[in-house]
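Okay, so here's the structure we're looking at.
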Amino acid sequence: MTPDIGKYMYYSLTPRQQLFSLISIIAIVVITVGSFVTHSRGASPPAPLEAALTLRKVIEGKSPANILHDDNRCMAIASNNPLAPVHFLVIPKKCIDNLSFINDTDRALMGHMILVASQVAKRQGIDGFYRLVISNDITTMQHLHIHILGGEGWLGLEDDTLAKC
């Protein structure tokens, strides 16, 4: 008699699969605990968090930056590692990890950031052609920001420039 699959789910793992599962679980625990212990001893935070903390310091005026725009909702700063002749970032002053964390109350802020990007692009002389890039990847930086890239002769299509944002 065959069991009713809708009622019962039966998984059979070979001893090798069981061992692999156990090793995987142990590795995850060791990495997690090791990371916690390292950070609790005052070691540097992981790169995305460190980058976000650097942005927080810029927003709070505790770290130098080439500020192109500053108001009560966002800032625009020149990129420290430009990937185009003109490359700047628009950063909300509100702490938002990435696009996955925005909600209806952030609509006005997001619209304002795009407007600021447009205004700063015009002041930087790239109002004819530029790209706005928002990466939803928190492995590079844990703070929402918009990259604006453009400038004389730059298309941003010939290499992996946009992938670096």
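Every residue, even glycine, has its Cβ placed from backbone N, Cα and C.
A TrEMBL annotation is a machine prediction, not a hand-curated record.
Feature annotations, courtesy of TrEMBL:
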| type | residues | note |
| --- | --- | --- |
| ACT_SITE | H145 | active site, tele-AMP-histidine intermediate |
| DOMAIN | 54-162 | domain 'HIT' |
| MOTIF | 143-147 | motif 'Histidine triad motif' |
| TRANSMEM | 20-38 | transmembrane segment |
Which whole number is the mean pLDDT over the domain 'HIT' (54-162)? 87
Per DSSP, what is the helix/strand/coil residue tally across the motif 'Histidine triad motif' (143-147)? 0 helix, 2 strand, 3 coil
DSSP-derived helix, strand and coil totals, residue by residue, for the domain 'HIT' (54-162): 31 helix, 25 strand, 53 coil
Chain-internal residues near the residue listed as 'active site, tele-AMP-histidine intermediate', provided their CB is under 8 angstroms and they sit 6+ positions away: L55, L89, V90, I91, P92, I134
